[in-house]
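A.B. asks: A single structure is presented below for examination.
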Amino acid sequence: MKLSGLYLVTKDYYNGNFFNIVEESLSAGVNILQYRDKTNPYNIKIEAGRRLKNLAYKYNVPFIVDDSPVLLDILDADGIHIGKDDPPFEYIKERFPGKIIGVSTYGDINLGIKYERLGADYIAFGSFFKTSTKDDAEMCDINILNNASKFNIPVFAIGGINTRNVDELLKYKISGIAVVSAIFDAANPGEATRTFLEKLRKIL
């Protein structure tokens, strides 16, 4: 399963155009979909997650859940993304063999090295720009991406990325970018997706 390109991370589920935005971006070419929801109760997350998984599979892209082994299990998602305050990598690796495990490595190259050795399927450095998605996001020096080519697993950039600043990241040998607001808050999510993909052709 290829892990590269444009990685869409959702906002928390909400009533309204949530699924329309996701499908519009998937139909425009998003390569990976992650369901990230920090606020809703599990019954809502499960219901929304099932619909998102169906959409991801409709467009033949991997479906990842954020930080929850419970959702990974119930939804039988393709994988999970974890950070420093989430369940331990080793537990997830043992409990869910064969699942994709992605790890946030912030601005710490040694974390990236550690998790590659432990068997992570991809890592994500960031935040590179101010982001409204995560108020307490640690800012990351863009020069860390000079090390991207040293890894044998995909390296993603994340955090405050939009169609105006993404070119700064594409100078480096990354595998892709992860975005939230740049698509969810776009006037035209499909057009924003296509703009990102056109720029990503430089590295794909």
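Note: Cβ is positioned from N, Cα and C throughout, glycine not excepted.
Note that the structure is predicted; figures quoted are calculated from it, not measured.
Relevant sequence annotations retrieved from Swiss-Prot are reproduced here:
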type: BINDING; residues: Gln34, Tyr35, Arg36, Asp37, Lys38, Asp66, Ser104, Lys134; note: 4-amino-2-methyl-5-(diphosphooxymethyl)pyrimidine binding site
type: BINDING; residues: Asp67, Asp86; note: Mg(2+) binding site
A.B. asks: By a simple count of other Cβ atoms within 10 Å, which of Arg36, Lys38, the binding-site residues in the record, is least packed?
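C.D. replies: Across Arg36, Lys38, these binding-site residues, the one with fewest Cβ atoms within 10 Å is Lys38.
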A.B. asks: Among all the protein chains here, how many other CB atoms are within 10 A of the CB of Gln34 (4-amino-2-methyl-5-(diphosphooxymethyl)pyrimidine binding site)?
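C.D. replies: Around Gln34 (4-amino-2-methyl-5-(diphosphooxymethyl)pyrimidine binding site), other Cβ atoms within 10 Å: 22.
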A.B. asks: Residues with Cβ closer than 8 Å to the Cβ of Asp66 (4-amino-2-methyl-5-(diphosphooxymethyl)pyrimidine binding site), same chain and 6+ apart in sequence?
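C.D. replies: The list for Asp66 (4-amino-2-methyl-5-(diphosphooxymethyl)pyrimidine binding site) reads Val9, Gln34, Tyr35, Arg36, Asp37, Ile80, His81, given in order along the sequence.
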A.B. asks: At the level of the C-alpha atoms, what whole-angstrom distance separates Lys38 (4-amino-2-methyl-5-(diphosphooxymethyl)pyrimidine binding site) and Asp86 (Mg(2+) binding site)?
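C.D. replies: Distance (Cα to Cα, whole Å): 12 Å.
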A.B. asks: Round to the nearest Å and give the CA-to-CA distance linking Asp67 (Mg(2+) binding site) with Ser104 (4-amino-2-methyl-5-(diphosphooxymethyl)pyrimidine binding site).
C.D. replies: 11
A.B. asks: Could you find out if DSSP has Lys38 (4-amino-2-methyl-5-(diphosphooxymethyl)pyrimidine binding site) as helix, strand or coil?
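C.D. replies: DSSP assigns Lys38 (4-amino-2-methyl-5-(diphosphooxymethyl)pyrimidine binding site) to coil.
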A.B. asks: Roughly how many angstrom lie between the C-alpha atoms of Asp86 (Mg(2+) binding site) and Ser104 (4-amino-2-methyl-5-(diphosphooxymethyl)pyrimidine binding site)?
C.D. replies: 10
A.B. asks: If you count other CB atoms within 10 A of each CB, which of Asp37, Asp67, Asp86 wins among these binding-site residues?
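C.D. replies: Compared across Asp37, Asp67, Asp86, the most Cβ atoms within 10 Å surround Asp37.
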